[in-house]
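Trainee: Pasting a structure here, questions to come.
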Amino acid sequence: MVPTYSAGARLDRLPISGFHRRILWLIGAGMFFDSFDIYLAGGILGALVKDGWSDLRLNAVFISATFIGMVIGSFSAGILGDRFGRRFTYQANLMIFGLASLAAVFAPDMWSLIVLRFFMGVGLGAEIVIGYATIGEFIPPAQRGRWAAYLSIITNTALFAATLVGYLVIPTFGWRAMFAIAGTGALAVWYARKSMPESPRWLESVGRTNDADRVLGRIEATYGAGLPTPRHEPVATHADPGLKVLFGRPVIRRTLLATVINVMINVSIYGFVAWVPTFLVKQGLSVGSSLGYTTFMSLGGPVGACLGALIAERLGRRNGLTVTSLVAALLGVAYTLAPSIEIATAVGFGLFTCIYLMVALGIAAYIPELFPTEYRLRGTGVASTAGRIAGIFIPQGVVWLYASGGIVPVLIMLVGALLLQAACVGLFGIETRNRSLEELRPGHDPALAPVER
């Protein structure tokens, strides 16, 4: 029998329960090991040079291979996730970077490790696209932004975890052990995720309404007793629109907005956050002191993600992103005017906090909400691909700017990016807070287009 009510309406009426918490931890575990695998590179590259396995040139090739793989992974995940489903794609990407990480344990030389790192990058780039988009398809509207921020918190803990584990493991067991930990963890999550259901919203969008009904029936049998009748919505099946839908009316406005957000956040991370230790050393601090100050600033990462969980449903995504971008721009100006390293560190902590708050509100919550189910991963994947490409070229721009005038031109670039993001989100964004994903379809509600204030 064809379901009377849409999958979205049935999912949105469910109370937050053990089902949602299990989905969060299954997706979050995969994204944790994804980020762990990305961040372990810093400690491993240093060990490779020390062991005589690599040099600065080969380290640069290793990093480039990672980013090229992530670009391909981000784009491919968007295509495959909309065509073959969320479950197939997140299992495939976990398998790719899990097996490649384990194979790296046995790499006979640096070039073999670089090739394997490329394949890791493919899986790593895909996980972020799939994870944030999928969590939102299960969570009710009133909680969706907060739970996306929870996922961001889990993901951001990997930076500290990778640093700590590297500190404890590499001196005693060597760099190969880091890849063993990442690969084993990824494959363990792959096995655990085998029981995770496919998104009923995606099943319905491709015409598999009976499959969607079976998944929903199992969930409702446990957690749906006594719930009110879902809101009535027609059960719609949409033909595969291809990539062209992202660049036609009325979707192109959202595609450009998502791309701007992703690129500007990557400018903030790879144009400032990643360079702070180098900037401090260039200002005359020792390597140890620079890492100490940077460690304090980096605590702003989890703080920002936690703030995202607090304000995502209070301020909303559009207002929250706009305000946070403006505050971050002011802090960027204040950083250049700081009279001492202690004050600069305090300002830097605030700037790190704002940047990772933008990650929680923008990349985790807002961008996936801008696109309907049938091309949600394609839209998210295109925006993520643009951000990854920016991440490849931004460091070269930082080197040129710093050589031409020190840290001030670099921070001018950062402030400019933040102001551009604030303007684009404030002028062209929509507010997604407390609205079902179906309501957010372009053209669904005239009150949403193009700007909701």
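Every residue, even glycine, has its Cβ placed from backbone N, Cα and C.
This is the feature table in TrEMBL:
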DOMAIN    23-433  domain 'Major facilitator superfamily (MFS) profile'
TRANSMEM  23-48  transmembrane segment
TRANSMEM  60-81  transmembrane segment
TRANSMEM  88-108  transmembrane segment
TRANSMEM  114-135  transmembrane segment
TRANSMEM  147-167  transmembrane segment
TRANSMEM  173-192  transmembrane segment
TRANSMEM  256-278  transmembrane segment
TRANSMEM  290-312  transmembrane segment
TRANSMEM  319-337  transmembrane segment
TRANSMEM  343-367  transmembrane segment
TRANSMEM  379-401  transmembrane segment
TRANSMEM  407-430  transmembrane segment
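Looking at the shown structure, can you explain where the listed features end up?
Mentor: For the domain 'Major facilitator superfamily (MFS) profile' (23-433), the predicted model reports an average pLDDT of 89.
For the transmembrane segment (60-81), the list of distant contacts is 38, 41, 45, 54, 88-90, 92-93, 110, 113-115, 117-130, 133, 243, 377-382, 384-385, 388-389, 391-392: same-chain residues at least six beyond its ends, Cβ to Cβ under 8 Å.
Tertiary proximity for the transmembrane segment (147-167) is limited to same-chain residues at least six positions away from its ends with a CB under 8 Å from its CB atoms, namely 20, 24, 27-29, 31-36, 38-40, 42-44, 128, 131-132, 135-136, 139, 178, 181, 298, 301-302, 304-306, 308-309, 312, 356, 359-361, 363-365, 368.
If one looks beyond the transmembrane segment (256-278) by at least 6 residues along the same chain, the residues whose Cβ comes under 8 Å of a Cβ in the stretch are 287, 290-291, 293-294, 297-298, 321, 325, 328, 332, 348, 351-352, 355, 358-359, 362-363, 366-367, 370-371, 379-380, 382-384, 386-388, 390-391, 394-395, 397-398, 410-411, 413-414, 417-418, 420-421, 424-425, 428-429.
With a cut-off of 8 Å between Cβ atoms, the residues of this chain six or more beyond the transmembrane segment (319-337) that come close are 261, 264, 268, 272, 308, 311-312, 344, 347-348, 350-351, 354-355, 357-358, 361-362, 366, 407-408, 411, 414-415, 418-419, 421-422, 425-426, 429, 431.
Tertiary proximity for the transmembrane segment (343-367) is limited to same-chain residues at least six positions away from its ends with a CB under 8 Å from its CB atoms, namely 128, 132, 136, 144-145, 148-149, 151-153, 156, 258, 261-262, 265, 268-269, 272-273, 276, 293, 296-305, 307-309, 311-312, 317-318, 320-321, 324-325, 327-328, 331-332, 334-335, 379-380, 383-384, 421, 429, 432.
Residues 253-254, 256-257, 260-261, 264-265, 267-268, 271-272, 275, 279, 282-283, 317-318, 321-322, 325-326, 328-329, 332-333, 335-336, 358, 366, 370, 397-398, 401, 440, 448-452 of the same chain, all 6+ positions outside the transmembrane segment (407-430), place their C-beta atoms under 8 angstroms from a C-beta of that stretch.
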